[in-house]
């Protein structure tokens, strides 16, 4: 009865350990982040080796139990009195049952190992694919980082050019303001020159009118002077003729 309890406890421990292995394998096969994908193959192999060691220890302990039972049964057979030989069949039956239980436990263990191997064989391609995708994403990330650096350099260059353009614009604004100021002064001077020109034109017109009046006055004086000269010439001629006649009349 004690042996059956030991076998039941061993089988229960084996089932619990197998469930733990399956749970750990399922936890390992769950989706992980990008930073953990590269560690999945090593992690899975590590878990598999650790679980394999656990199963080996469990199998060793079970073999020790079986060895102990076989040794105990052999000692019991050798130490039995002739009166106890009647229960030999019952002991053999117990041993047979124990061996059958051991075979069942071993078969269950091997089934669980096969399940784990199958799960690992299915998970490894997924891990490789995840690792490949991680590598591609890493390359894409590096390319994006390179493009980001190029864009940042272009942005800095554009900012510098914008600052230079702003300075040039400020200089052009100052130059434009100076040109407008000078143009305004030139226009003011031009307006003053126009006004002076109009004044000079008016003065020239007035002077021309004075000159015309003076010319008319001079022409009038000249004509009057000519008339006086002619009149004086005629008078002198008359005087000369009169004197000549007087002289003739006085001569004998």
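Glycine is treated like the rest: Cβ placed from N, Cα and C.
Under the heading region 'Disordered', Swiss-Prot lists 80-99.
DSSP labels the residues of the compositional bias 'Basic and acidic residues' (89-99) in these numbers: 11 helix, 0 strand, 0 coil. What Swiss-Prot records for 89-99 is compositional bias 'Basic and acidic residues'.
If you look up Swiss-Prot, you'll see 120-221 marked as coiled coil, on the strength of sequence analysis.
Using a 10 Å Cβ-Cβ cutoff, residue 216 (phosphoserine) registers 10 neighbours. According to Swiss-Prot, the feature phosphoserine maps to 216 (among others).
The feature phosphoserine is assigned by Swiss-Prot to 249 (among others), with similarity to another entry given as support.
Taken residue by residue with DSSP, residue 216 (phosphoserine) is part of a helix.
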